[in-house]
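Listed in Swiss-Prot:
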type	residues	note
REGION	1-215	region 'Adenylyl-sulfate kinase'
BINDING	52, 53, 54, 55, 56, 57, 197	ATP 1 binding site
BINDING	79, 80, 81, 82, 91, 96, 97, 98, 99, 122, 123, 161, 174, 175	adenosine 5'-phosphosulfate binding site
REGION	224-614	region 'Sulfate adenylyltransferase'
BINDING	409, 410, 411, 412, 511, 512, 513, 514, 515, 553	ATP 2 binding site
């Protein structure tokens, strides 16, 4: 026997002193701390199919989907693994068998750690896949074989590496599908026909399988919970509403009904009951189904008189302006501890703060319950066509073939500094490989304080910005976010971000002092200007959105344009404050060239002149 052969034989001898060690931590205990949705979810999703069938594409899309819904997972890709763990293996039958065995063992460890492990390997031979299944089953771990099925000609047409062409030319030997067989699975858990289905459809087929097997909660598949009465039940519910006692609600309350009914506050089914209210007040989250970010209370205040009148009723109608809007069911009344609420949400109880003033003047009781909303809330102000629901926004993005959606929340007119940030974000997304990034320009449309520019004027100004080409109309959606404004700084900015996440945004631009305002008495910033961005980067439950920090933009006097501020060239920049901008507009003067699109500036001056006339 040669020395090399002898050494190889000796290395293959198994040690007799190796004993498998049992973990001290159980899978259930591990599942409690892995991810933000409690429960052990460890399993392996084994994607098999020809090269070019779509395994890697589906694997990474499934990974992105699960992570965005707080399900911990990891994708093992065939090419990636051969760069490291299996770099010493070739493509002989023996090496292929060992490649799959190693992957199965690694996948088992990932699954045992509580992750959904997604593997994307050709794995052409049935016996190797069966061995991978046995490795998992012997460890008591679920294993799901997914056949990614695409005709050979389709796979060849997708072959960006040119491997099929080289195999047909004889340059690559033993290539699966050409001169090496692929043994199709006989009884896979799912078959994905990638020539007939979209990537999204394939992902949802796998998610449905994981739900059926109790790996993924059913609650995550329906991302948006609308509270409208189904059309086939509407007549019956309307008739019922006519027989019920009613509670008159304010315009502010109606705005919150709109927010709830359209699904912006998913998974809330109505105004918060005390349990939900306490979770939000003390943890900034809802905790009944994992950790769901919810930083602001969405509550319905009522007077002591209305509480006395209605507390014996399990259900009653909410009415506004004499119109029955919704039925509130399984009502629960609890004390409205206003000072505590304001302290926790705003960090102050100063009644000169405009929203705190409204809270302090509202009812002494809160009522929570499930809502059945009779119809979509419309304001008939000429702007309803911009009030797109989360589902409508998702559909709009789908029609635009968006592969990234970046949201910009605003309650002020758009100047070229804002536009620079949005343009720069789009540029960065394109550099990262996205093909069709879409901007969601999403002005807040609910209640705002008296000195803010009203919604109708802001919408005219935004339209002028698009008309002048400062932002690209073809890749921009302008829609109205129906929420009232709280001016609650870092607490509120989480709500702004999370609601856009619900609507499909996966990038969120956060600015300086988001949702902030000057302290009503000291006139200094009520919140530290950088805290909003810092809090968003740490906030729990915002797993499917990436925070894009707001770079400081100012007017560059040399360039005569808005530019990103460089402290080394401080003297070149002019910081044009909102106060100065409003003063110029009131006096009919123009700002420096390049500060704002001329047509957009004219809208602003027209608004302030209208105030002077009135």
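Quick reminder: no glycine exception, Cβ is built from N, Cα and C everywhere.
Everything Swiss-Prot records as a feature, shown here on the structure.
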{"residue": "52", "record": "ATP 1 binding site", "DSSP class": "coil"}
{"residue": "57", "record": "ATP 1 binding site", "DSSP class": "helix"}
{"residue": "79", "record": "adenosine 5'-phosphosulfate binding site", "DSSP class": "helix"}
{"residue": "91", "record": "adenosine 5'-phosphosulfate binding site", "DSSP class": "coil"}
{"residue": "99", "record": "adenosine 5'-phosphosulfate binding site", "DSSP class": "helix"}
{"residue": "123", "record": "adenosine 5'-phosphosulfate binding site", "DSSP class": "coil"}
{"residue": "409", "record": "ATP 2 binding site", "DSSP class": "strand"}
{"residue": "515", "record": "ATP 2 binding site", "DSSP class": "coil"}
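Of the listed binding-site residues, namely 79, 97, 513, the sparsest CB environment within 10 A is found at 79. Neighbour density at the Cβ, taken as the number of other Cβ atoms within 10 Å, is lowest among the binding-site residues 52, 54, 174, 511 for 174. Per-site Cβ counts within 10 Å over the binding-site residues 56, 123 peak at 123.
Taking only the Cα positions, the spacing between residue 511 (ATP 2 binding site) and residue 52 (ATP 1 binding site) is 42 angstrom. Each of the binding-site residues 57, 99, 197, 409 was scored by the number of other CB atoms within 10 A of its CB, and the lowest score belongs to 197.
For residue 55 (ATP 1 binding site), the same-chain residues lying six or more positions away in sequence with a CB closer than 8 A to its CB are 47, 48, 49, 78, 120, 121, 122, 148. Here the Cβ of residue 81 (adenosine 5'-phosphosulfate binding site) has 19 other Cβ atoms within 10 Å, regardless of which shown protein chain they belong to.
Here the C-alpha separation of residue 91 (adenosine 5'-phosphosulfate binding site) and residue 197 (ATP 1 binding site) works out to 31 Å. Cβ neighbour counts within 10 Å, taken over all protein chains shown, single out 53 as the most crowded of the binding-site residues 53, 411. Taking every pair among 409, 410, 411, 412, 511, 512, 513, 514, 515, 553, the residues listed as contacting ATP 2, the largest Cα to Cα separation comes to 18 Å. Mean model confidence for the region 'Adenylyl-sulfate kinase' (1-215) is a pLDDT of 83. Of all the Cβ atoms in the protein chains shown, 24 others lie within 10 Å of the Cβ of residue 515 (ATP 2 binding site). Ranking the binding-site residues 53, 197, 513, 515 by the distance of their Cα atoms from the Cα of residue 99 (adenosine 5'-phosphosulfate binding site) places 53 first. The CA atom of residue 54 (ATP 1 binding site) is located 13 Å away from the CA atom of residue 79 (adenosine 5'-phosphosulfate binding site).
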